[in-house]
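Remarks on the structure that follows.
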């Protein structure tokens, strides 16, 4: 049980590291170029999906840090209510990070390929550093989402090991 708890803490720290690194790449990335004698600056604020991803990353990193803190000071709990809450929040965080990252990837693909119908120019021919950093941030977010799926499976194990395999929704100790 101690190894499982250590694994959970290490996973949460890795998730926080990848998410904060991705947030720094998204939030601090901007590039200015002169196009047709006009200075054009591009940043994450022009792509709403990237801005939403930044806010999602901050909330999920804070949640994981709070969970690390609660696990650090909390004694083993015998009831299932906090474990259910942790399981549901871990699931929600994993889904939200994956959905936000997928939306940011789709929006970024529009920036890479452009769209004549929407009159979007291909930014990556002009702003290559910006595009490479956004691509790196999206890859880091997908790694964090995969780690969060693994973490939510550990959370599910911690929850469902409390229940009896023979009686539906009965604790092992009560059977």
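Using the three backbone atoms N, Cα and C, a Cβ is placed for every residue, glycine included.
What Swiss-Prot says about this one:
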type	residues	note
TOPO_DOM	1-7	topological domain 'Cytoplasmic'
TRANSMEM	8-28	transmembrane segment
TOPO_DOM	29-51	topological domain 'Extracellular'
TRANSMEM	52-72	transmembrane segment
TOPO_DOM	73-91	topological domain 'Cytoplasmic'
TRANSMEM	92-112	transmembrane segment
TOPO_DOM	113-136	topological domain 'Extracellular'
TRANSMEM	137-157	transmembrane segment
TOPO_DOM	158-175	topological domain 'Cytoplasmic'
Segment-level pLDDT (mean, integer) for the topological domain 'Extracellular' (113-136): 74
Stretch of maximal Cβ-Cβ contact with the transmembrane segment (137-157) [cut-off: under 8 Å; candidates 8-28, 52-72, 92-112]: 8-28
Residue numbers, six or more beyond the limits of the transmembrane segment (8-28), whose CB comes under 8 Å of its CB atoms: 44, 50, 53-54, 57-58, 60-61, 64-65, 67-68, 71-72, 97, 133-134, 136-138, 140-141, 143-144, 147-148, 150-151, 154-155, 158
